[in-house]
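Q: Pasting a structure here, questions to come.
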Amino acid sequence: MDPEALNLEFYDKNGLDNPIHFRCDPKRIGMTLPSPDFSVDDVLELVGGNRMIEVVQVQNQGSVKMSLQEFINFYKTPQEKREVLYNVLSLEFSQTPLEDLVKSPELVRQIDWVGNQWPDALRQRWISFNGRDKKFYNPHHTFPKVQNYCLMSVANCYTDFHIDFSGTSVWYHVLKGRKVFWLIPPTETNFFIYQEFIKTVNDNAFFGKSVEKCHVAILEPGDTMLIPSGWIHAVYTPDDSLVFGGNFLHSQSCKTQLRVYQVENKLNITRKFRLPYNEELIFYVIADYVKQWTGREYVRPLRIEDAKYDYVGDKWKTAGGHHKKIEYSDYETGVELTNDMIKGDEESTKDEVKVIAMHAENSLFGYPMVSKATFSADTGLEEEADEDEVKYQETKEEMDARRDAEIDELANSNSLIFYKNRTHDFVRNKCVPDHKLPIGHEPPIYFNDDEISRISPRLLDELETLGTYIRRKARVEVAEGICQPASLINTFQTVLKKRRSELTGKKFEFNQIMPRRYTRSTMETGEYDFQPTQEVPQESARRSTRFKVDNFPDELLESEVTDKPIILPQQPSSGPLEYLPAPKDEIKEDINGFEEEFEEEYEGIGQRDDQEEEEYDAEEPEDQEEEEEDEYQAEEYTPTPVTRRSSSRRSGAKNDESEEVSVKKDKKEKMEKVEKDEKRRNSKSKKDKISKEKKKKERERIELESQLDAELRAAHGGGSSKSKKKKPEKPAFVGGLPTSSIQIDPVVSNPYNYDPRMEMMKLGTGQLKSAYRKTKNNVELHIEKNLYKIEPKRGSEEGSQSREQSMEPEHSTPVFTTFDDINEANNDHYDGQKPPTKRAKYEAISVDTYETPSSSRNKEHKEYRPSPNAAPTPSPSHHQKPKLSSPAMVSSTNEYQLRKHMSSERRSSDAGSAMKKGVYMPAMSRQDKMIAEGASAPSSRHSSISSERRPSFIPDFNSSRNSSIDTPYTPTTVTPSRSSWLPNTSSINRHSIEDDSPIDVVNDSLSPINIASSPTYPTAITPPPVTLSDLKKDMSNGRKSHSQHHDDGHKHKIPSKEAIAELKLLVGKLKAINDS
């Protein structure tokens, strides 16, 4: 098309339905662009390198934030050195010096909603700084700022198929490089396919092959293209390019814009990728059209000094505010914004500092009388005022009150003003259903026929869709300054109906909305929604009338005496008034022509008057008019002190003066009765009030006393408050039997922390923590700890070294169990293996001399012994392999002692055993405990076969064994389960980590055992004899026992006879102590 033909006439006739490609001088379509020598370095200089921008990563279509300086450095790198591809699509350069060099086509500026309908005073922004030195900044705006974009793309960048946010149209000019566009029309089928394409994230297919038609357009340097609303397009960049463009909304594409907006809602597109303040913009557009068509103003003129953030409107640009660079030093003393102040605005990352601009030139253009206090308190702006110029300055409150009073006065005097003061504003970013509220009585609509006649059929269809969408929406975000959205939408749709009737040749019927129908009570109180004509009363006339008789029907009542002037509203009415005169049959009159009155009705006159006031104060919707009418007719008529009579055009001339005298007498009598009733009611109300006050004071006194009592009890450590009335104690009955009361608190204090539950549960076996837990501070007596001390303290350097050397993998399960073991494992009280608790610094000694020493890891486990009569039963998993018990010598005497003391019950703790015997046992060291236990078992290497999960030890098959036997020992069976405190040998590895046995008792009189000739399931099998010399050789080879804690790493080994004698001596001493 001809470039000069792109004007408003073409737009009104054809709209913007198809893409338009211009290959001509940009000035022919009203554009302003820089010279072809303009480069990205100029963009960097005009916009600023410290501006943070969002960059698209082409590989995954994700986004990355970086400064403009960083991207320019990437853009200038050679193509072969670019590891990733970055594409800048969201650099909005409005309010920067670059805006003076680039201007969109003239038609775009004329039809753009944001540029023409958005109020100038609401063009605001706030700046956020981030970085260590607050070097980088990011602007945030409170209006849809999408008019000017600078797009910088490197070669091979690709943007997949998409629709611009909220169905905005696009203007596009290529200054450098080339662009390839794939364009798909916005048909219903294509929209449906596109929605499915967006949902399939992993679909890498080319969307252009999924639709019927896909157009291709190649833009060379200097070309300009207009992309209409809703067109699905993809862009490829073959060369490094520099492009200028922008988005805009207009009236000829309302249908498509709303359809795209609904698609975004269905796809749950985030707020970040949508047009901000879309619904607020629609309200401003509708209000602008209504003002052109009817003269009604629904948007309150907003002031620049009321700006919550930094004003950046037209006056700010005229003053050159956009040429000043943004630096943190200029904003350092600004007002920091809270999250509540910016809640709901443009989403951004959490920045370190958020401030408002502090420059005086950024605000207050044409308002020199505003005080400095206003800036510091409201907007944070500072300005010095000349004393000679201004002597008195208003405060913020005074200025706001004066402004509100001016708006209220203007709204009352002008019937075309529908906005109100700032107290009626809606909360920003809050959806409200106020556009669906019922509309009360309004003044008539004055139509501007010249402007309405310019609405073309095409534009009418688009605007009707816009009005229907807003009306049907449940909740909307009402723009700031609009106080009556329901009336605004109703007027907008009324004008469109009028224009539709004109185009179709039908008669336009406009029904004015009435709040309610008028009844007698309305006429008596004077609550009119219209202004009736008035007549000046003449002094010689006996009666003054307020209305012309010809204007009202005969049934309407007139007042005889005008006591008070009726205040009427200032706005004229429109449309026919509807009256509901009462039928003559329902109005009963006496001989004088007055309605009958009854004295008993005066008793409830005050209540009925209050009800009538409440009913007429609130406006009722249209659909309740009939119900109200029935209610008013059903009520009995209640006369007022001023008498009324039925009107007639000749009724006043026929009455005599005698009638008036009788009426006056009746009036006086009734008034006196009314006054008496009022006095009686007043006196009664005073008495009620006095009684209520007394009750209230008494209640407050009781509450105060209860609070004081509670505070005193809390201060003195008392319990809850008790009732003063003592109830007789009665026995408690449960199931017909009296029971003793359950005592919650202890009778006496427990200074020794004695807990009888210790006798029932062994500490450390999984019970809950309590204040009675056994610790060294509350139950242990600190006796001499160095008794029989033959090892250093735990935690020493050598001890920690030995433990580190003994760290080995997790132990396996026991190789076999006995029949008794299986039975015990199936018992209900079997708890299984518990995690080890924290080891105390000092261990308590047990008085059970028959207890087998075990490692501290298994100290808390239940131990079981095999029955002497039951044969050992093999494990199910090892039924074909011979089972070996721990290699220990078990004599018949020892076995008898073990069988005598063993049971399947859970054994109590060491402290619990001592308590059962009535003896308090102090804490003793581990070696004392083992010495005491060793006395009851001469052969300490007995078998510890039990259902307890003890570790099994695997002999070392690769090592050689130095023994007194010529034939080497070679095990042929499963690894035997042996005690962890046995001495170390060359054929058996040590696996226990927690055992720290101080003494190894070695039996030198052992004889070798032939394992091959042993029974299949032996009770006890011992390895070849081990001598002290063999042990010394083993220790010299570096295999140290993990339980050695002295300096040289070797244990002092003594013969078994001496050890047993020593143990017996200790046991005797312990028995003596117990007996004493």
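Note: Cβ is positioned from N, Cα and C throughout, glycine not excepted.
Pulled these from Swiss-Prot:
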type	residues	note
DOMAIN	93-265	domain 'JmjC'
BINDING	Thr159, Lys179	substrate binding site
BINDING	His162, Asp164, His233	Fe cation binding site
REGION	598-748	region 'Disordered'
COMPBIAS	610-634	compositional bias 'Acidic residues'
COMPBIAS	653-680	compositional bias 'Basic and acidic residues'
COMPBIAS	681-698	compositional bias 'Basic residues'
COMPBIAS	699-714	compositional bias 'Basic and acidic residues'
COMPBIAS	789-811	compositional bias 'Basic and acidic residues'
REGION	789-1056	region 'Disordered'
COMPBIAS	935-946	compositional bias 'Low complexity'
COMPBIAS	957-990	compositional bias 'Polar residues'
COMPBIAS	1004-1019	compositional bias 'Polar residues'
COMPBIAS	1044-1056	compositional bias 'Basic and acidic residues'
Q: Report the nearest neighbour of Lys179 (substrate binding site) in space among the binding-site residues His162, Asp164, His233, comparing Cα positions.
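A: So, spelling it out, the nearest of the binding-site residues is His233.
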Q: Tell me which residues of the chain lie with their Cβ under 8 angstroms from that of His233 (Fe cation binding site), as long as they are six or more apart in sequence?
A: Phe161, His162, Phe181, Trp182, Leu183, Ile184, Ile227
Q: Once His162, Asp164, His233 are set aside, which residues in the chain still have Cβ within 8 Å of the Cβ centroid of the Fe cation site?
A: Thr159, Phe161, Ile163, Val170, Ile227, Trp231, Ile232, Ala234
Q: Over the span of the domain 'JmjC' (93-265), how high is the average pLDDT in this prediction?
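A: Over the domain 'JmjC' (93-265), the predicted model scores a mean pLDDT of 92.
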Q: For Thr159 (substrate binding site), which DSSP three-state class applies?
A: strand
Q: Within 10 Å of the Cβ of Lys179 (substrate binding site), how many other Cβ atoms are there?
A: 23
Q: Write out the long-range same-chain contacts of Asp164 (Fe cation binding site), meaning residues 6 or more apart in sequence whose Cβ is under 8 Å from its Cβ.
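A: Set apart from Asp164 (Fe cation binding site) by at least 6 residues yet with Cβ under 8 Å, we have Val170, Ile227, Asn247.
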Q: What are the helix, strand and coil residue counts for the compositional bias 'Basic and acidic residues' (699-714) according to DSSP?
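A: Counts, helix then strand then coil: 16 helix, 0 strand, 0 coil.
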Q: For the compositional bias 'Basic residues' (681-698), give the DSSP counts of helix residues, strand residues and coil residues.
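A: Tallying H, G and I as helix, E and B as strand, the rest coil: 18 helix, 0 strand, 0 coil.
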Q: What is the total of other Cβ atoms whose distance to the Cβ of His162 (Fe cation binding site) is within 10 Å?
A: 15
Q: Counting across all protein chains shown, how many other Cβ atoms sit within 10 Å of the Cβ of Thr159 (substrate binding site)?
A: 17
